[in-house]
């Protein structure tokens, strides 16, 4: 509670610059880097339980993880599996139907989520030129296998998360330039990236007559 109180006070007196804006994936569609010039309350800055593992340090430009971020990745993986199970129960024309936003269809958007996560983490680890063709995953079952194959790489990277990784940096090529990115920025971006696309999927699912997976963090045995 004391940490939360101090962070509330800090947020009310800090201008925050979002670092979650760039990445190495060839498939990425991310918002441009921008500064938030107004003061924000917690509810506006972190509308979900993501705030429970993210905090702002006294440096307003720094995002840090005082806890291992793995539980929030596992949260996203649980939701992802529920999405793929739900899509498998829909007629094929629903998960291949062109949509506005995301990556054209519900299925490609889910494959994109997996590809981006794996490409970022392998880039952090120094593995060059890992790129995935989304057309290689034409069914929910294929995307599920793809997700299951990539997950151990991500999980092994996060299992020993600590100060060295929190403050570590790696280099990525963005717009023809090589730029340094913090590990904490990368993992925070990946968490937010999947949640962002889950919101799009929720709208499309309701249009298809499907009830979206529950976004609740509680009762999932994550913490």
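Heads up, residue numbers simply count up from 1 along the chain you see.
Backbone N, Cα and C atoms are what each Cβ position is placed from, and that goes for glycine too.
Feature annotation from TrEMBL assigns divalent metal cation binding site to 112, 193, 197.
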I need the neighbours of the divalent metal cation site defined by 112, 193, 197. Which other residues of that chain put their C-beta within 8 angstroms of the C-beta centroid, in sequence order?
102, 103, 109, 113, 116, 194, 196
Does anything in the same chain, at least 6 positions from residue 197 (divalent metal cation binding site), have a Cβ under 8 Å from its Cβ, and if so what?
102, 109, 110, 112, 113
